[in-house]
């Protein structure tokens, strides 16, 4: 609001004047309060004294103190202390009033020990006001409701009055919570910031509890002293707990969780003013068992009653909600320094205690326990701390020989599994080691030895072999190396029974709200506790009948806070009592409880602002309380006062009120909110608002800025328009934003928006922002609104968006929303374009639980727009959905298909001709129900639901059946129709086929071909011609038939051509042969040879031929002219197949061969040596042949190749059989040279030599 300069001066002057008057007024008010209090106290004391005087004459002297002020009298109590019953860690105040002349000295005592407030800073506070003496016992930092459930320790507090004539005392008994540790002074100021909350873990995992703090002064080498407690037990660093402090962080790490770690953890830090504390509960769930259905692991394994060879192991049973009942336990032991666990009991023990004997004296042991049920064995518990089996030393060391008998023989443990005998060792027992013998007697009066094979050195022994329902007496004999004592006195009769059994079921269970994710459960203790260990609390969602454990370690008290519940769900609870014999029966279920925060009065409203003033009335706005107290705010109460007054006056108003005031007066306001729980705290007084008319041309401030649809990078900002519009109508709004803590506001929108909402995008995830809004009219930009509360750009856990869909039954288009959080009073508010939908004929809204649905009655273009939903009484649960034209069209198509459904068809109406000439018309649907209806117009039909086929058969198909065929299908609401036009050529073809099939059916009544002649080619290139004839029995005698198949094998080239191999080169005596291998070859196959694309005809030089396996071409006496590419082309009747070979002689291959004679003639029994000079690059390979058979080197035929140049064949002791054609094959790429030997008449070996010249690139000599 703008002010004229003279108005501003007057305002400042009056503000300064009022400020001075206000200070004086506050001092006067304080003086009046003190005086009034003294008067009230004096009147009250006088009234009580008069009452006392009427009862007891001893108080006459008190009255005389008023009438005779100079007379002394002894101290006495006017108002005595009274007893209190309180919960631990709640503040306690004790009051009493004393009298005496002169004024007595008051002293407070606890358990006859004087209380010194400085000995426990912050714990005790002693006051004396107006003759009323008070002792305040404070347990501060009550941040967790678990502090209300603690064991109560009864202590006595005494109040003593010291007077020079005597001492007077009075005592009161009430529960007091002791400090958890000794006094520890500190000179550091410590303030806890962010601390650990309720934590959930699983066995085997690691978890850390962290608390951040500010330490002043922060000395790196002198951190504050930190102590960690679990259930008021001080924790020390160990393998199970690691602690650290430094850098403003205190940390407790549990590296391997077990259920032993479950409990209330408290962090206590010593500070200058006392201690700073924080507590939270840690829940540890069972690990997944190795066998499905096996129970959870036991916990809190403890070892006590340690003796030389005996210990007693105890533990706590696990909770069982859905597992089978526990049938027993196995106890394992392990010697320290080893890794092998040894099972102590052969059969499961049913009670949670087991005596273990037979230990090695002086050895250290660890123990663990496993639970057993019908499904399997649990995981082992955490092992116990190490204990050493050691003998209890004798009190009197006297030299004796024969020991005395033990005394006080009795049973310390009695149950149906075993009985533990205990006795007092003899005293004195001497220096010699002693052991014990145990005897028992039952009905026979004959004493029997119990421990025949065991030498007992401990005064404890478990006895197992006792019959049920029989009583036994026991006695013990002491033995040492000198002899045995007399038997001890026998015990009384002992019978194996369970003296206690499981506890009875707990009483009534009452559950009440605590927070949005927890519930406070309390119950009555069982009537028969039977050495109670604690309780297990179970919970179940209403209607699910599935129970889950709320705690996994027995809880000792009858009040428990269940954490980890889902807001908005409804639960019931039950409780079981636990002792060493197991779990009791379940208690009765509690009443259903809706999970939400406990009801409380709302917090104070804040940020009161002035929206408009016309000189005689004001319009105010304020921000809603941050905490509504778990209930809807029903009303607000407004008080006002003039700026120079101290008296507040109530104002009758609505949420935005109009009030009448005096012009130019200044007023202050304060507001209280009310809900179902009552009226909350008042707000801070507003600043002084001047009651003068607003006349500026620009608009006033917008107000009530709220945030919806908060996501990781965006937020929707909404506000209400200014009450004061200025000189003209409001045309738009500017939205400014800044990061929390910054005053640098940036405009979000460059152009004004014409509505009262704006979606702001591009935010930084996790960052907090503040906003303000400025209204615009024709005269300019108005005053900015108050800065909004900070909003963090982070979506709520489990946030879901609106989903658009079509109802599958009705075809209605709907928008559905599932809230991630609701309260019992939550309501779903739907809006279009962020204007609430109250009554509309176009939509209907239904809500149930977490779900809300908006259904369009008849969706049209008029329904396009942005739809949003907000859930009241939550932390801004909301969402929006934009229905655009494309989306609406898609939904309308789906809606039409559902409202006007069709039967989907796999195939349209079709027909087929059957063997008798019948015509079958059929159609196949994707899916049919058993209630399907259908009809072919004019015909009867049938269907198969499993396949979806509907069919009709016409047995006599004639010209009269030409036309259009139509089928109509009705399946529920769905319909379908399919038609087939069978006229013209299509009908003629169908009729021809039907007549043919009818004739064929008649033909097949006698002998006929069931399969006509056909052929196929096999892998060996033969053609199979096959036909099949069927004949009835009466015609078989007059038919001449081959067996079922008649096979004629013919040559074919179709398969052979494709099997042709690549061309290969083969040297022959006449020259070179090119060969192409095939599956089968005959001269009737069309083959052509080409040399350099010129077709080759068969001649003396170029011979063309083949065998049954290959086609070849012989080149006789090749020369350089025969160099080049050679191709064979094979035709199979459909396409040609070609194979090529290169005889161009290109490359780096060089060879030389020569030196063989033309003819060799030799006598029998002589030696023949044939030598050929060969060289080449790369080095050639040499092979000798006889009659085209390779010669192998042996004793008679010796083959050598010396220096890579001289190739020799030596034949020793030549015979006539050695005559023949000898050749040499020299090869590095192609064959190089051949030598041919021919035999002459007997006893004379004639070797003709013929050298074949190679192809291009090679020279021969």
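Each Cβ is built from the backbone N, Cα and C atoms, and glycine gets one as well.
Whatever TrEMBL says is automated annotation, not expert-curated.
TrEMBL lists 75-112 (among others) with the feature domain 'Ig-like'.
For the domain 'Fibronectin type-III' (297-391), the predicted model reports an average pLDDT of 92. Annotation source TrEMBL lists domain 'Fibronectin type-III' at 297-391 (among others).
Residues or ranges marked as domain 'Fibronectin type-III' by TrEMBL: 405-500 (among others).
Residues annotated as domain 'Fibronectin type-III' in TrEMBL: 505-598 (among others). Here the domain 'Fibronectin type-III' (505-598) is broken down by DSSP into helix, strand and coil counts: 0 helix, 43 strand, 51 coil.
What TrEMBL lists as domain 'Fibronectin type-III' is 604-693 (among others).
Annotation source TrEMBL lists domain 'Fibronectin type-III' at 701-798 (among others). Within the domain 'Fibronectin type-III' (701-798), the DSSP-based counts of helix, strand and coil residues read 0 helix, 46 strand, 52 coil.
Per TrEMBL, the feature domain 'Ig-like' maps to 802-884 (among others). According to DSSP, the domain 'Ig-like' (802-884) comprises 3 helix, 42 strand, 38 coil.
Under the heading domain 'Ig-like', TrEMBL lists 1157-1228 (among others).
In terms of DSSP secondary structure, the domain 'Fibronectin type-III' (297-391) contains 0 helix, 43 strand, 52 coil. Using the rule of three or more Cβ pairs under 8 Å, pairs at least 6 apart in sequence, the domain 'Fibronectin type-III' (505-598) is in contact with the domain 'Ig-like' (802-884). Sorting each residue of the domain 'Ig-like' (1157-1228) by its DSSP state yields 3 helix, 41 strand, 28 coil. Taking H, G and I as helix, E and B as strand and the rest as coil, DSSP gives the domain 'Fibronectin type-III' (604-693) the counts 0 helix, 43 strand, 47 coil.
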